[in-house]
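Chemist: I'd like to ask you about the structure that follows.
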Amino acid sequence: MLRFNYKNPGPEKYLLLVAYLIVVLYCLYNEPIYSPDTYSYLNAMPFRQMGYVIFFKVFNTVFGTYFDVAVVAFHAVFSLFGVHLFFTRISRLFQLNNLLKFPLLIILLFPFFPPLSIANNLCSEGLGYGLYLLFIALGMEVLFNKKGHYIKYYLIAYLLLVSIRSQFIISTLIFAGTYFLMYRKEIFQKKHLLNVLMFCGIMLIASLSERTYHKLKDGFFKPTPLGYTSASTAPIYLSAKDDYKLFKNKDYQEILKTSYDTLAHKNLLPKPDYSTQESYKFFHDNLPKICNQTLRVIGTSYYFNQPEIKNWDTSKKSAYSFFKTEEACKAFTKVLILNNFKEWLKLFYANLTYGFKSQLLLWFVVIMFFYSLIKTFLNHRKKYAIIFLLSSLILSNAMFIAFAAHSIQRYLFYNYALIFLLFISIYNLTKRDQKS
């Protein structure tokens, strides 16, 4: 089981305790921050992940008027628990000295302060951050410290994480791939096969849990209607006026035609003389207006008023409209990307680059990914596998966000500590190579 040893605490533990106390007091001193997302969780909207909806409902029921303060306190304490476990385990794994521990701790504590303020914002990042750090730390314990019995904690952390932040749904496949590369020569041994199956199979359990939740709450055994509604925004933004003719489904035609005309009326389409960077920046700044305030509103309004469901109760009609809009957006995403692939790819790359703030950093991570993949395959030493895991996690999250939304700090701050550790890994690797 997980153990924490606090006997005879040294100066480092006292300093950590002081740092954590400062963070908690800062969070409690500042007011809870409400946003439109907060109310969508409170109202248990169908497009919200089940984990944070349940968390919000429980705290609202137990603490009543003071639930928001209780949520901030829990956010702070729980995510600091994740920070501490990640910091201590990773410091040991990477054999960090005090000179490197300090910036790592600063990076880990940064999200608690503006502009992110994850504990004070009444949104899923307050729990998601702590769970992500636990998930990564436990996964690394399994892979690199040969603590196979930790896999049960890893699986629990994963299920909780993806029930709150679906952007990490494929992260477990990265751990599975790293495990496979490390043990490929013995992969058919029962122990290794079972571990790979658990790394991969947990995605099925997560999917079934999500669908069951929506069946019980909304009456539909379907995944959360969010991903394609968001992902379709970019191809619709780049589409042409007559692209609705690409679809045979009359409902899809009507929704897309109305969406395009509304976006044109609101001046939310790219100008003909925009460069790719200008087109992306306009998209980046206006995504909520394009997606949440236009596409989703038009789609849900259309399906809510369909005559075949006029006798349903309002709650079920509302849920139906979100799930049907997601189906339509899934079709829009696939067809419109293929129809305008070159322009979409340029916007996707601009989106991806924007998240890294530099093409140089992006390509550094890409090169490290391929370098470590080849090295791990040829020589499954831990130092290469760590680089492969870190670069894969960084790229997968950045690419998922660039595909599904826009590269804002709120979605990408999870990568910051991993990027720092990637640089440390490369430095240690070159240092060892020079010595040898």
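Backbone N, Cα and C define each Cβ position, glycine as well.
TrEMBL does not curate its annotations; it predicts them automatically.
Annotation comment: TrEMBL describes 12-29, 65-87, 99-120, 126-144, 156-180, 192-209, 360-378, 384-405, 412-430 as transmembrane segment.
Please situate the listed features within the shown structure.
Modeler: Residues of the same chain lying 6 or more positions beyond the ends of the transmembrane segment (12-29) and with a Cβ under 8 Å from any Cβ of it are 6, 69, 72-73, 75-77, 80, 83-84, 87, 98, 101, 105, 109, 112-113, 119-120.
Taking Cβ pairs closer than 8 Å, the transmembrane segment (99-120) reaches residues 12, 16, 19, 23, 26-27, 30-33, 72, 75-76, 79, 83, 86-87, 90-91, 126, 129, 133, 409-410, 413, 416-417, 420-421, 424 in its own chain, all 6 or more past its ends.
Same-chain residues lying 6+ beyond the ends of the transmembrane segment (192-209) with a Cβ under 8 Å from its Cβ atoms: 50, 142, 148, 151, 155, 158-159, 162-163, 169-170, 172-173, 175-176, 179-180, 183, 186, 223.
With a cut-off of 8 Å between Cβ atoms, the residues of this chain six or more beyond the transmembrane segment (384-405) that come close are 93, 136, 140, 143-144, 167-168, 170-171, 174-175, 177-178, 181-182, 227, 230-231, 233, 287, 348, 351-352, 355-356, 362, 365-366, 368-369, 371-373, 375-376, 411-412, 414-415, 418-419, 421-422, 425-426, 429.
Distant neighbours of the transmembrane segment (412-430): 86, 90, 94, 96, 100, 103-104, 107-108, 110-111, 116, 128-129, 132-133, 136, 355, 361, 365, 368, 383-384, 386-387, 390-391, 393-394, 397-398, 401; these residues of the same chain sit at least 6 beyond its ends, with a Cβ under 8 Å from one of its Cβ atoms.
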